[in-house]
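Below: the structure, in structure tokens.
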Amino acid sequence: MDYSTATTTAGNGYSSPRDSSFPSSFTKFNSALTAGLLNPMSPPPPPAMHDKTRSSPTLFEMMASEADTIGKVPVQIHNGVLPSPSSSSSSSSAAATAARTTNVNHLVISAQDKQALAMQRISDLLVIRSPGNQFNDPNSSDVKLTLSSKDGISITMCVHRQILVAHSRFFAMKLSDRWSKQQLPPSSSPYIVEISDCDDVEVYIETLMLMYCRDLRKKMMRHDVSRVLGILKVSAAIGFDAGVLSCLEYLEAAPWSEDEEYRIASLLSELHLENVGATEVLRRVSVEASNGNNGSNGGSNDEVLLNLLHIVLEGKDEKARRDMKTLVSKMLRENSSGNDLRKESLYLACDGCLHKLKRQFLQAAESDLENVDQIARQADNLHWILDILIDRQIAEDFIVMWASLSELSEVHSKVPVVHRFEISRVTARIFVGIGKGQILTPKEVRCLLLRNWLTPFYDDFGWMRRASKGLDRYLIEDGLSNTILTLPLAWQQEFFLAWFDRFLNSNEDCPNIQRGFEVWWRRAFWRRKEQSQEPARLRVTASATENS
């Protein structure tokens with residue numbers, strides 16, 4: 001290449017004259033940098049030794065010259081044969097550059113390199129065919145079909161009018177007798193058909209090859225889901241019904257990834273293939289498709305999820321129960337609509353757990369410790385259901401129900417702490433929910449909750465803190481402080497003074513709500529002082545007005 005007089009404008013906006021004042025290696029490096037083939041942060045190669053001849057060009061020179069040799073014209077394949085080496089040097093060079101830039105410099109493959117690789121795959125696809133297959137056979141074909149894409153790829157292949165017409169409604173119309181008579185080719189000349197703006201020429205060719213295949217199912221098994229989706233789109237576009245059915249049969253039986261699942265549902269919805277088997281495919285991911293229009297098959301989402309809740313609540317293996325609770329909570333949390341599980345169903349499950357808890361707790365209070373482990377189990381179940389209710393913003397009725405359980409709070413001290421402390425974890429979760437504004441209830445309900453359950457909560461706090469793994473003490477203390485601070489000031493005083501006395505006598509076994517106490521103190525005494533001074537200021541203002 002001649003670098004003697006050209007002026008190149010680099011990507012940064014500066015132009016670099018290429019004259020004799022610059023070493024040839026620098027100008028070639030600058031040309032490669034301008035073409036986007038090198039990392040701009042890489043240092044330039046050292047100046048060339050003019051007195052030393054090289055037998056072969058350097059890597060920098062090859063990459064620099066490549067930018068000018070890659071042509072802009074579309075690459076064409078005729079009958080599965082790539083252009084001659086002299087005319088295809090730029091394409092093969094681009095493929096080599098792709099390998100070098102990917103493996104050596106870790107750069108993104110350019111559009112020209114991708115085109116060259118695609119052309120090579122298409123060439124291999126057209127050349128290789130099973131014995132007896134007449135696809136792309138120039139000796140027996142009567143149609144020259146040219147496919148061209150938007151990115152400049154153009155392929156001409158030899159196909160058979162009889163096969164295309166028999167399998168495709170598009171080609172049946174395109175190659176109809178009326179159209180054939182208008183063409184009137186000589187007996188030795190094939191018909192010429194051109195299809196432009198193909199999305200993917202390679203997929204289009206594979207779809208045409210299926211028309212020549214006797215066992216489409218076996219042929220389809222060689223492809224992955226992504227390629228089958230491409231074939232399905234082309235088959236639907238050209239009216240290749242056998243190809244559409246084969247693709248749908250494959251998709252119905254093959255496993256999908258989550259990304260493929262979205263693409264499949266989107267494409268089937270776009271193509272409207274319900275009458276030819278798409279519904280069978282969608283039944284894997286759509287309840288409506290599985291149930292049909294009448295919805296008679298299978299249960300509703302609410303029934304299924306309620307059944308799952310009961311299975312988890314009554315499971316025998318504790319480790320498996322914990323794992324499944326986490327899983328079910330995650331799935332319910334991901335469904336933001338909340339229409340899958342009715343409020344009544346959740347509270348029905350809650351009532352069942354609460355009934356068992358009350359029965360076992362009252363028995364334990366009378367020194368009947370048979371099945372006493374059910375107290376902790378049912379309290380844990382209620383804690384889990386409460387989390388779900390809070391996530392769905394429907395926990396207000398639970399707070400009313402829990403605050404009214406005076407029959408349990410009154411006998412709380414009669415049950416050994418090792419069996420009862422899980423109940424206080426439910427109370428703690430309520431404090432956190434109210435303190436964060438996740439649960440909004442009337443002040444009378446909040447006050448009743450504290451009157452019935454605050455003392456039992458204090459009694460269990462030390463044991464709960466030591467026995468419960470992962471317990472966030474500071475989160476609970478902050479929630480309790482905020483819960484008390486939501487009450488009228490006179491009620492706040494009652495609860496904070498009771499805490500103050502208890503904290504001084506059992507420091508470690510009592511939650512530290514000093515922050516809330518300080519807020520109440522400022523509210524109570526500072527404002528009283530301000531209010532006592534306010535009438536005097538008003539009187540002074542009034543007298544000053546009269547004197548004026």
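Heads up, the Cβ atoms here are built off N, Cα and C, so glycines get one too.
Lifted from Swiss-Prot, the feature list:
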type	residues	note
COMPBIAS	1-14	compositional bias 'Polar residues'
REGION	1-25	region 'Disordered'
COMPBIAS	15-25	compositional bias 'Low complexity'
REGION	77-97	region 'Disordered'
COMPBIAS	83-97	compositional bias 'Low complexity'
MOD_RES	Ser130	phosphoserine
DOMAIN	141-220	domain 'BTB'
Rounded mean pLDDT for the residues that make up the domain 'BTB' (141-220): 85
Residues of the domain 'BTB' (141-220) by DSSP state, where helix covers H, G and I: 36 helix, 22 strand, 22 coil
Neighbour count (Cβ, 10 Å) for Ser130 (phosphoserine): 8
